[in-house]
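Participant: To start, I am sharing the structure in question, which I have written as structure tokens.
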Amino acid sequence: MGDWSALGKLLDKVQAYSTAGGKVWLSVLFIFRILLLGTAVESAWGDEQSAFRCNTQQPGCENVCYDKSFPISHVRFWVLQIIFVSVPTLLYLAHVFYVMRKEEKLNKKEEELKVAQTDGVNVEMHLKQIEIKKFKYGIEEHGKVKMRGGLLRTYIISILFKSVFEVAFLLIQWYIYGFSLSAVYTCKRDPCPHQVDCFLSRPTEKTIFIIFMLVVSLVSLALNIIELFYVFFKGVKDRVKGKSDPYHATTGPLSPSKDCGSPKYAYFNGCSSPTAPLSPMSPPGYKLVTGDRNNSSCRNYNKQASEQNWANYSAEQNRMGQAGSTISNSHAQPFDFPDDNQNSKKLAAGHELQPLAIVDQRPSSRASSRASSRPRPDDLEI
């Protein structure tokens, strides 16, 4: 019972990893081939060599004539056919077991990370990597599996090899036996003294089984072809619908906005903030931030920003007691951003930097006033 339960679990897992055509193919394989081969066909060919008679008494003549007529028994030929046809499926099952093993490891690691997460450890990146690996192997929630990636390629290759083996064995059977058996076979081979006639037992019954196995092989081949086209067109349909990797958007690089010319700063209107050239009468080291000049949607905002910057700078200097005429004159002419790059270059090159004189407005003390009015020996006479 243990072996049957293990086989049942294996078949259940294969059903989960197969398409509808694959499930039908497995049913045909196990019911109409293996089961029929082990019951009815074996009994029909049980007395094949013993019932093969020739009209001669020469020892060894019947054996050589049987070997010439049937190089390999039909039963053993069909056993080899089932083995070769099942090998691609076994390779696919090996890949399934590999995915199952990966699923167990990933689930165990995910549980450990979730336990660590409850203790306050930041494991979001590791959990994300586990989710990406599960998607890569086709593992989904609640044990569901979607055929994709390497598993899908293995499945397609197995279908191709099964189809090739089916066609090859059909051609070999047609070349060796044909698809029917005759009641009398003529043989002329040593040590037979002359040409002898040999007789086959139950030729009609065996012909019926041969035709039945031929039909089963053709049905299996048709199922493989239908399944191959189904998988191919389903993949094309998924691509047409635009189904992509859901983790691609989160793991891929983010593209910058079209309205932003520089990734340094981003304002509410989508304008960037490259450094503007120095204006006339601006102090050394002072820079204004403006938007992209080539972007017409940002020009009004850049003018307002520059005017506000100058107003703030004027207020700050006035609070410090600096003469406001210079600032007011420079502020009276706000920045303009013409579309012509040549005019902007002339404007930037036509003005030189003029440092502002810092005047100390603190009241002088009495000592200093006396010292300033007292003549000193090194003073010059005018």
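Including glycine, each Cβ sits where the backbone N, Cα and C put it.
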Participant: Pick from Ser297, Ser368: which does Swiss-Prot describe as phosphoserine?
Facilitator: Ser368
Participant: Are Ile72 and Cys187, as given in Swiss-Prot, on the same side of the membrane?
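Facilitator: Topology check (Swiss-Prot): Ile72 vs Cys187, same domain name.
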Participant: For Ser314 (phosphoserine), which DSSP three-state class applies?
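Facilitator: Assignment for Ser314 (phosphoserine) reads helix.
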Participant: Out of the recorded positions Cys54, Cys187, Cys192, Ser306, give me the one sitting nearest to Ser314 (phosphoserine) by CA distance.
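Facilitator: Out of the listed candidates, the nearest Cα belongs to Ser306.
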Participant: Would you count the other C-beta atoms found within 10 angstroms of the C-beta of Cys192 (disulfide bond) for me?
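Facilitator: Excluding its own Cβ, the number within 10 Å is 18.
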Participant: Kindly assign Cys192 (disulfide bond) to one of the three DSSP-derived states: helix, strand or coil.
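Facilitator: DSSP assigns Cys192 (disulfide bond) to coil.
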Participant: Cys54 (disulfide bond) to Cys198 (disulfide bond): how many Å between their Cα atoms?
Facilitator: 4
